[in-house]
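Peer 1: Have a look at the structure that comes next, please.
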């Protein structure tokens, strides 16, 4: 710690910080542009000037840039010094000479750091009367709009895109006051994290194009704290709504998880919530048609049919909340509850959970991954299956430069010096996968092989680290030399990290990862292990347990069950569509509860229209076992009284109560959570994931809307001039209104949107943190359900045999895509142009045997259908395998590991 003196007052601060960080952490306001907590200091904009004095007696002082000055013990500075204030105002005036007067039409208006800093410096009159510099804007793809005339040359965008996210297609061109930030030519930004430019940019150069189509100001949107639903990582988000539509998603700061950044799937993939074909009222089949029901009719009709059924089973979902899956389990009984996950995937999920809970190895939070100094990724294409983890891995690799700089006593915020010292130095990263990955550019070595051979590599590494681990026979000398390099790197690391998961389709890969981690722990390393699952609540469903989807289908096929309730699950993704359809056709009652229109609704007798994450509350559990709560953003029935969309748990509990002819006793979310805790002790921690509905701050609920929210009385004027009462939230501590507490100093960690007096942009998160870039002042949201066990597991011994190609047979190797493999975000219209066209990847040798080239169309039979796809040649794919894009174009993820036998060139 250090003692600094600011405008005559004494403060204790972190001596490792610079003065700008220290003052912002104290709650003092200093304007800045080029500095960002995640990017460090370069002193480019000169906006954060303060007056520094030699001692208490010095009255003259000198101007210094606070972002480039250490917060040393005994420092005396003044923020309010007149010369410093005039200098800061003049800097803004210089920046404004070429900045357009377009705040009223700029999409950044009201959410703009430049506006905030201009007001903060007191600059209110422009003296520049000459021609402004102008630029041509670029088309940067479907996600981001580009308006270069608003640029103030702070360099944040390229520092984030190139230095932080390792992007290669955005740069700065030109010189002096005529610089251009963009691509060499028009085209879609290639980085999976390009959307963060929207929040990194302090002006309106980069804005959210998906928001442009249905634009409104930040102060006119309704927000709620939420969790990204598009993968298992559980990033915190702030969805914004207006007129019953999601308009945009912003990053919600969580110092333990995603801190300042999201991936593009999480930021832009929300379009499925706004689809017009979503079920909005319950419907029941009458012959070949469906009739619309109200809620009471739906409950009575379903109850009447279920009473006549001899056995009702329930099929849950890894994309449904803990509460909804539990409500289904209560409806049908624990013994009749099935997870809706394929048997193989469920085995892998249970193994991953076993490793995390009983393996004795620490599981780091997402942000902690950045602190590891050697990383081994076994089997996961992390950028496609858990993209935000990939960004954290990139920071871990860069830690070598910080380590070298620290040895020379260079502060962690001196980013330019760190980059100069580090040059190309990296901590070691080793990646195994069936083919190329997006992390290969920073990897020390990439091993491209079938999953058996990847697992064998992992087992061999574990044995080399600890000879009591099972040995692997038949390792080639060339591969052994690579294993020796990996072992040396992992053994020499202080904090090695092993990453694996369920998406490779191999139990042995997960076992090998666990063995490597155990071997490293035995050598005294502070080792971590991260498992990546498939869906937002895969871990929660795994903890809850239940039978596999195949077992559920068998119950229907044999007639032992004659009614089935399917919860938020497109079963065609987890099993053969032919088998699913045949099994459902045998059931007298098929009830579907979902917020998306799926193929299995064609087999449904009753459809209950569920609420999506934006219209409901619930709990999900991420890949590290962290329970996190998402909250309802808006009530769709407020805008259309005919809409009947309820949380899935509400539908299911209401049906359960109707069946038993009793009053509904789960009248609010807390009642469901209490029931979960009582029945499933392993999930007891979810009660602490967020405060209950009685939580108040000075007697107030928390506001979902900014206090400047406008137009509420006119929203429904086209329907009726009589304004209805605002929706009443009985489930949470939030209110559907601007009336409520929204102060940054209030004792809360569930924050709907970032705003503080004088801070309207995302930089307002500074006001919610215990120190800038640290944790939220009153704790980061969420709670870990399990910590590192004391004992640990024995070594796994099932070393697989080497992969052997078979004549006339090809095994399907899974290829995942950030844009397209996820069940929900692939429905977003904006993603359609980012999704790759369907393909089949072939090794060059296999292509030669078949007599086909790139672009040739080949066909194969699957599930009673003939599938025809164009060939792509994959040099890294081992012969005897074919690569298919999982989750796209009818290619269900369950296909991973299956075999094709009739692959041939398609008839023209």
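These residue numbers are counts, starting from 1, taken along the chain as shown.
Keep in mind that glycine also has a Cβ here, set from the backbone N, Cα and C atoms.
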Peer 1: Name the residue, out of 106, 201, that Swiss-Prot lists for the same [4Fe-4S] cluster 2 site as 151, 154, 157, please.
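Peer 2: Among the candidates, Swiss-Prot records only 201 at this [4Fe-4S] cluster 2 site.
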Peer 1: Per Swiss-Prot, which of 23, 34 sits in the [2Fe-2S] cluster site along with 45, 48, 67?
Peer 2: 34
Peer 1: Tell me whether residue 157 ([4Fe-4S] cluster 2 binding site) sits in a helix, a strand or coil according to DSSP.
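Peer 2: Reduced to three states, the DSSP call for residue 157 ([4Fe-4S] cluster 2 binding site) is helix.
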Peer 1: How big is the Cα-to-Cα gap, in Å, between residue 34 ([2Fe-2S] cluster binding site) and residue 154 ([4Fe-4S] cluster 2 binding site)?
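Peer 2: Roughly 5 Å, rounded to the nearest whole number.
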Peer 1: Would you list, in sequence order, the residues of this chain other than 228, 231, 235, 263 that have their CB within 8 A of the centroid of the site's CB atoms, where the site is the one recorded for [4Fe-4S] cluster 3?
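Peer 2: The answer, listed by sequence position, is 230, 233, 234, 237, 258, 262, 265, 266, 386, 387, 388.
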Peer 1: Taking Cα atoms as reference points, which of the binding-site residues 45, 228, 231, 263 is nearest to residue 154 ([4Fe-4S] cluster 2 binding site)?
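Peer 2: Closest by Cα distance to residue 154 ([4Fe-4S] cluster 2 binding site) among the binding-site residues 45, 228, 231, 263: 45.
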Peer 1: Rounded to a whole angstrom, what is the C-alpha distance between residue 67 ([2Fe-2S] cluster binding site) and residue 201 ([4Fe-4S] cluster 2 binding site)?
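Peer 2: Answer for this pair: 18 Å between alpha carbons.
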Peer 1: State which of the following binding-site residues has the fewest other Cβ atoms within 10 Å around its Cβ: 106, 201.
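Peer 2: Candidates: the binding-site residues 106, 201. Fewest Cβ atoms within 10 Å: 106.
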Peer 1: Please tell me which one of the binding-site residues listed here (45, 48, 99, 103, 263) sits closest to residue 151 ([4Fe-4S] cluster 2 binding site), measuring Cα to Cα?
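Peer 2: Smallest Cα separation from residue 151 ([4Fe-4S] cluster 2 binding site) among 45, 48, 99, 103, 263: 99.
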Peer 1: Could you please provide the mean pLDDT value for the domain '4Fe-4S Mo/W bis-MGD-type' (221-277)?
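Peer 2: So the average pLDDT across the domain '4Fe-4S Mo/W bis-MGD-type' (221-277) works out to 97.
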Peer 1: Three-state secondary structure of residue 67 ([2Fe-2S] cluster binding site) from DSSP?
Peer 2: helix
Peer 1: If you count Cβ atoms within 10 Å of each one, which of the binding-site residues 48, 157 comes out on top?
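Peer 2: Answer returned by the neighbour count: 48.
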